[in-house]
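As recorded in TrEMBL, the features of this protein are as follows:
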{"type": "DOMAIN", "residues": "1-397", "note": "domain 'Major facilitator superfamily (MFS) profile'"}
{"type": "TRANSMEM", "residues": "12-32", "note": "transmembrane segment"}
{"type": "TRANSMEM", "residues": "38-59", "note": "transmembrane segment"}
{"type": "TRANSMEM", "residues": "71-92", "note": "transmembrane segment"}
{"type": "TRANSMEM", "residues": "112-130", "note": "transmembrane segment"}
{"type": "TRANSMEM", "residues": "195-217", "note": "transmembrane segment"}
{"type": "TRANSMEM", "residues": "237-256", "note": "transmembrane segment"}
{"type": "TRANSMEM", "residues": "268-288", "note": "transmembrane segment"}
{"type": "TRANSMEM", "residues": "308-331", "note": "transmembrane segment"}
{"type": "TRANSMEM", "residues": "374-393", "note": "transmembrane segment"}
Amino acid sequence: MNELSPSQKTEINSNVVSVFQAGAFFGALFFYPIGEIWGRKLGLILSAFLLVFGAGISLEAKHSTGLASIYAGRVITGLGVGGCSGMAPIYISECSPAKIRGKLVGMWEMSWQIGGIVGYWINYGVLQIYPQAETMVDSICNSVNLSQLRSIPTDHPYSVYEMENIIKDVEDKKSKLANDGFFAPILKLFLSKKLLYRLLLSTSLFPMQNGAGINAITYYSPAIFASFGITGSKAGLLSTGIFGILKAFAALVWMFCIVDRLGRRTALIYFSFPCSICMWYIGAYIKIAKPGLRVANGDTHQDAGGKAAQAMLYIWTIFYGSSWNGTPWVINSEIFSQEVRTLTQAINSMSNWFWAFIMGRFSGEAVKAIGYKFYFIFATCMAVFPIVIFFLYPETKGVPLEAVDYLFEVPAWRARPYAMAKYQKEYQKQNLSTSIPEEQLEKRLD
């Protein structure tokens, strides 16, 4: 690597990043029939096997084998990541009560951030300990659980009713799959204009998420910090490690304080504007101060503007991590009916990994080619996307999965109250309100 030119290094870095994204794209596609026919659990087990197997192949990389084992391992690991990203969110959402569904799906997102912290800091730790050797590291209890979540006895009429409905839904899906065939969900999705519109909304969340700049910053953070005037491997890795910790902290804030309290839609709208301001400043600083040119001329001192740009990136990380990082996955696991949920989640995962591939493959070259304008693009996106969210995306916070279809019968900004009211009327038609205490009914609909 030391003998390569900067452009060759950029190309190799882009390839290592992008082959993983490509593997994840096809993993989301290939694991759809597994999750649909044989179940989410088997699909998640196979995904985990591919994750471990791919990592093992990557560990075989050495001077004599070149980059082949790294590329192969990244592709196989990507297949596993794509598979689990398509099944884990819906598996969690289907097992979760509406009131805490966002938190539980958020715990899946939090596990990504914990792994990210390890990934960010392990390079710095190895460089500290071994400065010359960076390559050394490359079902019986269901009713009990349901009753505890509802704070009612297992033989309570409401608990019995809900458990019977869950069993009925599972049996209906098995029967429907057996009678209608494997292609029934595909036909139902692509022959319905309403579902296609909903699919357009869900898949569009991921190009918007990348429009915030996350994958560009995640995969090229050392180069981005270098553009602020930060020099030296240790300084760059330390700055990147702090970025990873802040992103994980923001995910915790999002999971416990925002997604099920403030709401999905509200977080996406209001937290976008601080992200936009931060990106405007970073782009303006690079345009005016030209830190890269100053470092090339031998001035390695980071000025006050560079420190402010670094702080702005950290502020951006907190606001982004508290909104756009995990919210699209929560929304997409909620807005489709049971018949097509596995299929749509696979397509949504493919959208995520496709746009991650695009950003991972070309961001390094874009930073070198257009410099400060790269950040202005992200700033503009974060200023425009809240308008899109306001007019097109309904609030799903606390809405039962059985009521999500009602969200798309009225304009997005008044969808949640309408859906909850309509669901309550349908619920009361079942003549359950006479046998269930009012506080339990309110708890169910909260």
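The backbone N, Cα and C atoms fix where each Cβ goes, glycine too.
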Top Cβ-contact partner of the transmembrane segment (374-393) among 12-32, 71-92, 237-256, 268-288, 308-331 (pairs under 8 Å): 268-288
Whether the transmembrane segment (71-92) meets the transmembrane segment (237-256): three or more C-beta pairs under 8 angstroms: no
Among the ranges 12-32, 237-256, 268-288, the one whose Cβ pairs under 8 Å to the transmembrane segment (308-331) are most numerous: 237-256
Residue numbers, six or more beyond the limits of the transmembrane segment (237-256), whose CB comes under 8 Å of its CB atoms: 102-103, 106-107, 109-110, 113-114, 116-117, 119-121, 123-124, 127, 217, 221-222, 225, 230, 267, 310, 313-314, 317-323, 325-327
Positions whose Cβ lies under 8 angstroms from the transmembrane segment (268-288), at least six residues beyond its ends: 212-213, 227-228, 305-306, 308-309, 312-313, 315-316, 319-320, 322-324, 327, 371-376, 378-383, 385-386, 389-390, 393
